[in-house]
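S.K.: So Swiss-Prot lists the following for this protein:
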- Gly34, Ala35, Asn36, Gly37, Ala38, Gly39, Lys40, Ser41: ATP binding site (BINDING)
- 2-233: domain 'ABC transporter' (DOMAIN)
Amino acid sequence: MLSFDKVSTYYGKIQALHDVSVEVKKGEIVTLIGANGAGKSTLLMTLCGSPQAASGSIRYEGEELVGLPSSTIMRKSIAVVPEGRRVFSRLTVEENLAMGGFFTDKDDYQVQMDKVLELFPRLKERYEQRAGTMSGGEQQMLAIGRALMSKPKLLLLDEPSLGLAPIIIQQIFEIIEQLRREGVTVFLVEQNANQALKLADRAYVLENGRIVMHDTGAALLTNPKVRDAYLGG
């Protein structure tokens, strides 16, 4: 469904990604783990077209994405939940969700809204509340709900557990698993390696802009090198 083939990305003269190859198959949850500054978010941003890959290929459902503007890429049934949530703080929950569904067909809009509110009952309770007055966990639910309003086939999640309480993190990961059961393919970028690897079908480890390991989530969870580096031994 999605493949990166020897992708390299630069910020000016600084190379952030070095010949990165990653594959996400339809119906999978694939996670990318790594330390701060490893290049995880850069890989997602490169997929979205900003920055553009300097070399290599990124294909989604057989179509080459490198060279396309971000506005075109994001109309291809791909949705992103950015790091830090980035909800529209002065808009209500309803208005935030409406922004996510801006390009959704009129016939599908209310169906999708109902699905999101069923998935996140808390958003239904806070429907008329301004997003900026909500807790971090509620804002993360809203950010995911907003992304789902576009009816994506592929959902990109950038550090969804960042800054959240453990009980909320567990809820978020349960929702990600539920989305997979409903047919959404998930590419998860996450520092919380323990949770991410438990959830993932397959996983990649990124260090200094390079893929250094790739295996099933279960295998990496028990890998001594991964445990020492990312799971506290």
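Note that Cβ sites are derived from N, Cα and C of the backbone, with glycine treated the same way.
Source: prediction; values computed, not measured.
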S.K.: Let me spell it out: for each of the binding-site residues (Ala35, Ala38), count the other Cβ atoms within 10 Å of that residue's Cβ, using every protein chain shown. Which one has the most?
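M.R.: Of the binding-site residues Ala35, Ala38, the highest Cβ count within 10 Å belongs to Ala38.
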S.K.: Rank the binding-site residues Asn36, Ser41 by the number of other Cβ atoms within 10 Å of each Cβ, and give the residue at the low end.
M.R.: Asn36
S.K.: Enumerate the residues of the same chain, Gly34, Ala35, Asn36, Gly37, Ala38, Gly39, Lys40, Ser41 excluded, that satisfy the criterion Cβ within 8 A of the mean position of the Cβ atoms of the recorded ATP site; list them in sequence order.
M.R.: Thr42, Gln191, Leu206
S.K.: Taking each of the binding-site residues Gly34, Gly37, Gly39, Lys40 in turn and counting other Cβ atoms within 10 Å of its Cβ, which one has the fewest?
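M.R.: Each of the binding-site residues Gly34, Gly37, Gly39, Lys40 was scored; lowest Cβ tally within 10 Å is Gly37.
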